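Notes follow the structure.
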């Protein structure tokens with residue numbers, strides 16, 4: 001695919017916005033980041049740090065950074081953009097307002113994409129006139145390392161624009177997946193939080209402590225997930241065996257439709273995880289830094305390996 005873009009706009013200059021800007025700037029696209037807070041303009045430093053971690057040379061780093069511009073005027077920021085990625089805080093009213101404004105400012109062929117991780121794209125597009133060009137593009141953090149992008153359509157999304165977005169993301173080096181219905185949590189967050197619900201339940205019931213639950217996943221089935229998804233695994237062991245296991249175990253799994261009492265208790269006690277030094281486990285600066293560095297090093301290592309088909 002030849003270069004499909006000349007200009008992209010990203011709304012929000014935080015970690016996700018900076019990461020998305022970096023992806024396209026590295027592909028030679030001019031990127032404008034819109035943010036209302038000029039004092040919080042840290043995208044160049046964030047992108048430099050990301051590229052240094054990826055061992056890019058100084059010339060490449062400065063070339064990428066030079067393609068990213070800041071603008072605090074929404075109308076000016078979207079001029080000439082073929083696609084706009086919204087990365088503002090997860091507040092429905094804020095996103096709805098922004099998309100109404102974008103719809104009035106951008107020509108009908110401009111793709112308007114939200115990076116929300118859970119909010120309904122249909123609700124975001126509710127008051128937009130040209131609903132057909134609104135869709136979701138959920139990048140995963142850190143966006144510059146994790147390949148996956150969920151591309152979410154609504155009942156109004158134009159097929160051609162949906163496929164064009166998919167192709168643009170693939171051209172940019174990402175691994176887009178099609179989410180054909182706009183459901184809460186989309187695709188991957190539903191899978192992730194189903195696992196988290198059961199993990200928290202096991203701790204809550206005293207079956208194992210938090211560290212043991214994490215180790216069970218990290219050194220058990222989790223170690224094969226990068227190369228073997230759950231449904232391919234089910235086919236590998238046999239759908240008949242999978243059914244037999246489900247018949248036995250499903251009645252014993254947690255199927256709560258509200259958050260865990262243990263999780264509510266931790267939050268009410270101010271045990272908020274890394275940010276407070278305690279959550280399911282106890283954390284200090286050294287262990288927090290070690291956890292973050294272990295994650296980034298792992299992501300960098302696996303994403304630099306040749307991709308499997």
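Any Cβ shown, glycine's included, is placed from N, Cα and C.
Matching 35, 37, 39 to the NAD(+) binding residues that TrEMBL gives (12, 13, 14, 15, 16, 17, 90, 95, 117, 141, 275) identifies 35.
The Cβ of residue 14 (NAD(+) binding site) lies under 8 Å from the Cβ of 87, each on the same chain and at least six residues away in sequence. In this structure the C-alpha atoms belonging to residue 95 (NAD(+) binding site) and residue 138 (site 'Important for catalytic activity') are separated by 14 Å. Using DSSP to sort the residues of the domain '3-hydroxyacyl-CoA dehydrogenase C-terminal' (185-283) gives these counts of helix, strand and coil: 60 helix, 3 strand, 36 coil. In sequence order, 11, 12, 13, 17, 41, 70, 72 constitute the residues six or more apart from residue 35 (NAD(+) binding site) in its chain with CB-CB distances below 8 Å.
Same-chain residues at least 6 positions away in sequence with a Cβ under 8 Å from that of residue 141 (NAD(+) binding site) are, in sequence order, 15, 16, 19.
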